[in-house]
Amino acid sequence: MTTIRQRRVGKGTEAAEDQPSEETNVKPDGKVPSDPTGGKLWNVLSVTVGGIVAISLGLLTSVYVATLHENDLWFSNIKEVEREISFRTECGLYYSYYKQMIQAASIQQGLHGLVYDNKTESVRTINILERMNVYQEVFLSILYRILPIQQYLEPVYFYIYTLFGLQAVYVIALYVTSWLLSGTWLSGLLAACWYITNRVDTTRVEFTIPLRENWALPFFAVQIAAITYLLRAHLQPVQERLTLVAVFIATFLFSLTWQFNQFMMLIQALALFILDCLDMLPTAKVTWLYIIQISGLLLVCVLQFFNSMILGSLLISFNVSVLIARAIQKNLKRGGLLNRLGKLILHVLLVLCLTLLINKFIKRILNLESDEHIFKFLKAKFGFGATRDFDANLYLCEEAFGLLPLNTFSRLSSTLLFYVYGFVLFLLAIAAVIVAFRNLSGANQVQLQEKMEEYTVTLKPDAAYSLVHTVLFGCLALSTMRMKYLWTSHMCVFASFGLCSAEVWKMTLKCLHLYTAQRTQVIKYSIPIITLLYISFKFWPGVMDELSELREFYDPDTVELMNWIKSNTPNTAVFAGSMQLLAGVKLCTGRTLTNHPHYEDKNLRERTKQIYQIYAKRSPGDVYGILRSFGTDYVILEDSICYERRHSRGCRLRDLLDVANGHIMDGLGENEPDLKPSLYPRFCEEIKKNLPSYTMHFTRVFQNKTFHVYKLAKHK
């Protein structure tokens, strides 16, 4: 841990690893065992009980979310098409590749169909394994084919049970992380209970099963647990090497299963960079973590056929820049306070400039534009100028990409989680500031430090990492609601660790002049137990009511549409429509699409904007020409989009299209002065009047309360 005595040897936190531990042979109750044999037996018993509790809680969580999913949809009783429709938007797209691999004549043929796919984007052959993170679907489909389970388990159940099983891994990883930080498995128990009772804000796996984050976050939690163990002092060389291997495997699997991995690991790299600069982490271990991030991402890049978006990621540029800057500034951690601060400012500026230069160079060489929509979105979101860019506004108008709603905090507070989290965060933030200032100040005032030694504030490297991690991911969650699941799960870990930590209570009691070793031990165990009892008594009845509530999937209009498509259109037919609906069309019918919800490709974004002109104010001839340029045979119009009321004026899809096209928006309200009235009425409304100018291009072939399907004429 970082202490005054470490600064006296001039080696920062790394020096601590050569000093005797203050916690050697200390039992969880704080008492020194009477003999080594008794201490070992106690440790074995504690680890055994804690491990059994961890596995039990993980399995219970898995069963819990699986039961909620079954009760919500009556999944076991509904038809296959209804099960597939329940995988909404991009979830359906990802699951369709699992289904495609299962139905292929052989594994080789299934892989060939993914590498040379011409059904996901019409008139274009794409490599699905390069474009999307679907190796998990490939692996699972191969596993299903080779295991002797086909007679006992349907493919869809093998898929969803795997995801629910990963929830067990997730909870166990959170449990272990909290246990490692606090030294008692009671902390892990509290973290797991908070995760379950705050399920609405910690996971959405039960209703978005195939979503990439549900595959990735369990591996991210395992990685954090491994990093927490790595940052402990006094690891043997073998332990350290094995832990580094575990970090690498978890990092690789996390990167392989989620397209946004690079942005999450960039935040993690920033946390490591901040702590390394403040001399609060061992530099050698931080260097290994940078290298693991780079190597894990590059290995994924190779598996994804050298995906250019990975090569052009800010993470690789940043990590390489840090390593280069550190090699240039070898004396970064020497000198007094002002000297160190000056060097740090130069170091930060050097890293920032190198990152931008390297990233710009890579993107120029690769002609990379796949992620430009993300930066346009961030620029508009944080007030760096308004934009009429359709893609950026599409994100800005989605609630999931807005600010974290305030009612989230009221829900988290009802379980006491947010109150405890705020208390622990406040104390450890103060401790971090004190330790950072001490590290940067050097060790000149030896006599004063020795007089104040018993009041010295310390912060272990693993706790310091957890603190900065939760702060940075908290900022991400506050700015973008969709990312809250990265924060709230770690919030459970951080709060439970603080509540069960002897160091936190020792610091608190010393500030109040109430510290005794016995009092610290009593509080360390009594308050978490009281909290667990409170959570159990308050939320157990609600959990039981939730498990007993039975509902059923009901979407007859979409079911009717999918059945009509399968029965009345050729297998080679090409369909245009909204991204969300077309993902379901591909899954349920296997027809070819013009566009889809996986938005990380510039050509697809431009194509989607063009297809969406069916909801804009364009002439029938223009819309027909656009649709036929993508080989469209049928177009599906949705009343829920054409007459949308979910969003306010300015955020409806038709409004975004009008503004992007330079047209005045519908309805009462202000318009920008340079917008002009369109010469044509809205296509999705006017086509229903069956005017000659429309019927010469489009023939309605299907209609229900929600959908209208038109067949395009094939003019010579």
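The backbone N, Cα and C atoms fix where each Cβ goes, and this holds for glycine too.
According to TrEMBL, the protein carries these features:
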- 1-10: compositional bias 'Basic residues' (COMPBIAS)
- 1-35: region 'Disordered' (REGION)
- 41-66: transmembrane segment (TRANSMEM)
- 179-197: transmembrane segment (TRANSMEM)
- 217-235: transmembrane segment (TRANSMEM)
- 242-258: transmembrane segment (TRANSMEM)
- 264-281: transmembrane segment (TRANSMEM)
- 312-329: transmembrane segment (TRANSMEM)
- 341-362: transmembrane segment (TRANSMEM)
- 416-441: transmembrane segment (TRANSMEM)
- 525-543: transmembrane segment (TRANSMEM)
Please indicate, using numbers and ranges, the residues of the same chain that are 6 or more beyond the transmembrane segment (217-235) and have a C-beta under 8 Å from a C-beta there. 1, 16-17, 21, 166-167, 169-170, 173-174, 176-177, 180-181, 243-244, 246-247, 250-251, 253-254, 257, 264, 281-282, 285, 289, 460-462, 465-466, 469, 485-486, 489-490
Six or more residues out from either end of the transmembrane segment (525-543), which same-chain residues have a Cβ under 8 Å from its Cβ atoms? 29, 64, 184, 186-187, 189-190, 193-194, 196-197, 415-416, 420, 496, 499-500
Maximum Cβ pairs under 8 Å to the transmembrane segment (242-258) - stretch from the list 41-66, 179-197, 264-281, 312-329, 341-362: 264-281
What residues in the same chain, six or more past the boundaries of the transmembrane segment (264-281), come closer than 8 Å to it by Cβ-Cβ distance? 2, 12-13, 220, 231, 251, 254-255, 258, 289-290, 293, 297, 313-315, 318-319, 322, 332-333, 344, 347-348, 351, 432, 435-436, 439-440, 459, 461, 464-465, 468-469, 472-473, 476, 486
Three or more CB pairs closer than 8 Å, sequence separation of 6 or more: does that hold for the transmembrane segment (312-329) against the transmembrane segment (179-197)? no
Below 8 angstroms Cβ to Cβ, which residues of this chain, lying six or more residues outside the transmembrane segment (341-362), approach it? 273, 277, 311-312, 314, 316-318, 320-322, 324-325, 328-329, 331-332, 335, 368, 440
